[in-house]
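One structure is given below, encoded as C-alpha cells.
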Amino acid sequence: MPSPRRNVEGRPLGAAASSSSSPGSPAHGGGGSSCSSRFEFQSLLSSRAPGADATCPRLRASESPVHRRGSFPVAGAGPSQASPPQLPEEDRMDLNPSFLGIALRCLLAIDLWLSKKLGVCAGESSSWGSMRPLMKLLEISGHGIPWLLGTLYCLSRSNSWAGREVLMNLLFALLLDLLLVALLKGLVRRRRPAHNQMDMFVTLSVDKYSFPSGHATRAALVSRFILNHLVLAIPLRVLVVLWAFILGLSRVMLGRHNVTDVAFGFFLGYLQYSIVDYCWLSPQNAPVLFVLWNQQ
C-alpha cells in the first residue's frame, strides 16, 4: 500500500494541502487527523481497479491461487526448478542386483579363472607344451568330418538290414549334432578364450565361437550311441568312456574352450541321443530312406 507523502517538516502533504483547500472539498475535512485518515482511505480506494466492488474483501496471501502449491508454475522459474522426467524402467540403474545375478557373475569368474589354469597346452611355451601334438590328435578323433566320412563308408559297405539301420541312425545323430551346435554357437556367440591359438583342424564360420563345445557334444553322443547299440567287452566300453572324457578335457587344455563350454556340451550330447532314440529310423517308419539306399 502506498504511504502518503510528507513534506520537509515531516508533516503529511495532505495536511498541508488542507489549509489551502476550500472548506467544501469532499476529499478533505476541517481537522488535520481526519484529513490524513481520509486521504489514506481515498488512496486505498483509488488503487483498486475501476469498477471493482469496494465492499469485496481482499484475498489473503495464503488463499491466493498463485501461492497455492501446485496451482500455477512460478513465473520466471528456470528449467532447473522443474521436476526431472522419469526414466523408463529398463533405463534405470539397478542398485540392488538379485542373488541370481551375483551368483552368475561369480560362476563366470570362476569359469574363466579355471579355464586359464587348465590351459596348459595352449601354446608351445606352455607348461605342458610338449603334449600339444597328442592333444591335437585327440582333437581330430572327435572332429565331425572323420565321423561323417567313416559312417558313410561303413553304410556303403554294410550288407545287413540291421547294420544299415544302426548306421543310418548314427548318420542322423551326427547331422543333428552339427545342426544344433551351429545354431547355438550362432545364437550365443561366446568368444573363444584369449589364450587360444586358431590352428584348429578344418574350421567353419561358426567355429570362431566356443559355446557349446562341438567335440564334447559329439563325444557324449557317439559314446552313448556305441554303448547302447554295439556289443563290446567291458574293457572296450571303459575305453569309450575314457575317450569321451579325455577328449572333453583336451579342449580345455588346448585353450579351445572354457570349462562351461565342455560341461554344457556333454549335457547337450547326452540329450541329443535321447532325441535320436525317440525318433529312431527303421524300415517301418522310414521305408523310403532304406529303399533308396538299397537301390544305390
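For all residues, glycine too, the Cβ spot is worked out from N, Cα and C.
All annotation found in TrEMBL is predicted automatically rather than curated by experts.
The compositional bias 'Low complexity' annotation in TrEMBL covers 14-26. Per TrEMBL, domain 'Phosphatidic acid phosphatase type 2/haloperoxidase' is recorded for 165-277. Look at TrEMBL and you will find 1-36, 48-91 tagged as region 'Disordered'. What TrEMBL lists as transmembrane segment is 167-188, 225-250, 262-281.
On the 0 to 100 pLDDT scale, the domain 'Phosphatidic acid phosphatase type 2/haloperoxidase' (165-277) averages 91 in the predicted structure. According to DSSP, the domain 'Phosphatidic acid phosphatase type 2/haloperoxidase' (165-277) comprises 83 helix, 2 strand, 28 coil.
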